[in-house]
Amino acid sequence: MKLNKYIDHTLLKQDAKKKQIDSLLSEAREYGFASVCVNPTWVEHAKKGLEGTDVKVCTVVGFPLGATTSAVKAFETKEAIQNGADEIDMVINVGALKSGNLALVESDIRAVVEASGDKLVKVIIEACLLTDQEKVVVCQLAQKAGADCVKTSTGFSTGGATIADVTLMRETVGSDMGVKAAGGARSYADALAFVEAGATRIGTSAGVAILKGELADGDY
């Protein structure tokens, strides 16, 4: 198994410096990760830094709270793509889901999907804040709205990916969508377990350590 192709090599910290982003890009080129995931302000820089490789540029929308309006999320998406983003990881409107406003949750996702054109859209459900029933419902809404993938976590809330959540999400969406486990893989064994549970992507800042068989520090 080429585990490197499952990994979105991630640096989303608000205090990330250019030299840290450059290090992320260098590691992505060396290890051939599926993508780098960076904040929107770094998309254009990342695109230039990955020219000549097959590493995708992934960025985040409505991040990390998901509480911006759908119009803002759509604008963020369009601008990110103009700047070179290949993949969009958007955060759902968690408050709307918790309030039972499923129409808003779905239309919010759909706004990003429509703004993305042919680019990959992953929907962050922030599983640590949801009941199992809410996880099932929002995965179904993401599927209905035309998203490509559902993702467990932002890495900025109360918890990251769990095997139970990845399993439930995979069972809910079937084989038609991707499932991204984010914020829970600290070792090669962790990453492998997520893949075996149904993950097609793993979001982590510890991709290099994972591939080296080391135990990584940190929380994403």
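Yeah, the Cβs are placed from backbone N, Cα and C, and that goes for glycine too.
The feature active site, proton donor/acceptor is assigned by Swiss-Prot to Asp89 (among others). Around Asp89 (active site, proton donor/acceptor), the same-chain residues at least 6 positions away in sequence with a Cβ under 8 Å from its Cβ are Cys37, Cys58, Thr59, Val60, Val61, Phe63, Lys122, Ile124, Lys151, Lys180, Gly203. Following the DSSP three-state reduction, the secondary structure of Asp89 (active site, proton donor/acceptor) is strand.
Per Swiss-Prot, active site, schiff-base intermediate with acetaldehyde is recorded for Lys151, and the stated evidence type is sequence analysis. DSSP assigns Lys151 (active site, schiff-base intermediate with acetaldehyde) to a strand segment in the three-state reduction.
Counted within 10 Å of its Cβ, the other Cβ atoms near Lys180 (active site, proton donor/acceptor) come to 26, all protein chains included. Residues annotated as active site, proton donor/acceptor in Swiss-Prot: Lys180 (among others).
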